[in-house]
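Contents: one structure, followed by commentary.
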């Protein structure tokens, strides 16, 4: 059969990295990325891009760790290369602090990040409201530089990127052999996935160049993540809230909470407010599906529902999605061969 034609729907960090992994694993494929929005207008552009895993209750821990480790290893290599600046990837050290000692003092990912250890009493004095803390070094992807870097690599590999809305995966059946669904929260309408729900996140991007260390409250509600040019302050987790409009009261609450963790933020300038809808479900949907309509079949691979943890595991789930695309291509070749016989 001729080279398989693959369409990846969605151009956030999941869609672009999945397209990249498909190209790397199956270079003879023709790959196209279709999306209604590209950077800087995707949900991924709002994300802080910190590699700190968020629990995914419906996904086995060993898989979560594997995906995180693959992502960390991949980005760590880029952070140590000449492409680090353009890709917006850098190491950042800091603290995760808790008002109560957590059940797991060493989370499943503690041996993947660098230098993980409990904080000393001297370090904790900086956070008088907190009783326990963890110090470590992890990676941060700045957006949109990382997405633009991924797009540049895809174009160099011959991937076509088209701006278009996809209302039904069947629209693509006549032109593509395999469709990869990386539509994030869009999958709720596209597929009717009732398990998927938006978790609204509002963040502030500020200019505070003196801040070099991240600070994260262990409950995940308050965080300060320094990037190359801006510091991301957060945040919110509002389930089933579809509003993309910034809320002034929320902005003040986020800023006040972050200032209580790091008082020097009072001097931050040039505040920008961003809102995104995290695609949340019990587990990441990462699977093959054969859709059938009137005797016609459409091979689909799903890779969506990463919630707040997309950046932490994006490369790992993209590699798995590319492997599933390979299974689809093998099935196509098998049916093509049987047809000839």
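The backbone N, Cα and C atoms fix where each Cβ goes, glycine too.
Whatever TrEMBL says is automated annotation, not expert-curated.
Pulled from TrEMBL, these are the features on record:
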BINDING   43, 44, 166, 183  FAD binding site
BINDING   223, 278  D-dopa binding site
DOMAIN    5-324  domain 'FAD dependent oxidoreductase'
SIGNAL    1-19  signal peptide
Chain residues in Cβ proximity to the signal peptide (1-19) (below 8 Å; excluding those fewer than six residues from its ends, i.e. six or more beyond)
26, 28-35, 37-39, 42-44, 47, 141, 143, 146-147, 150-151, 154, 159, 161, 166, 169, 172, 175-184, 186, 303-304, 306, 310-311, 314-315, 317-318, 321-322, 325, 328-329, 332-333, 336
Taking the Cβ of residue 44 (FAD binding site) as centre, how many other Cβ atoms lie within 10 Å?
29
Among 43, 44, 166, 183, the annotated FAD contacts, find the widest CA pair distance and round it to a whole Å.
19
Whole-number Å distance separating the Cα atoms of residue 43 (FAD binding site) and residue 278 (D-dopa binding site) is 7
List only the single closest residue to residue 223 (D-dopa binding site), chosen from the binding-site residues 44, 166, 183 by CA-CA distance.
44
CB contacts under 8 angstroms to residue 278 (D-dopa binding site), restricted to the same chain and 6+ apart in sequence, sorted by sequence, are 43, 185, 198, 199, 200, 201, 237, 306, 307, 308, 310
Does residue 166 (FAD binding site) have same-chain partners at least 6 apart in sequence with Cβ under 8 Å from its own Cβ, and which are they?
9, 34, 36, 172, 183, 190
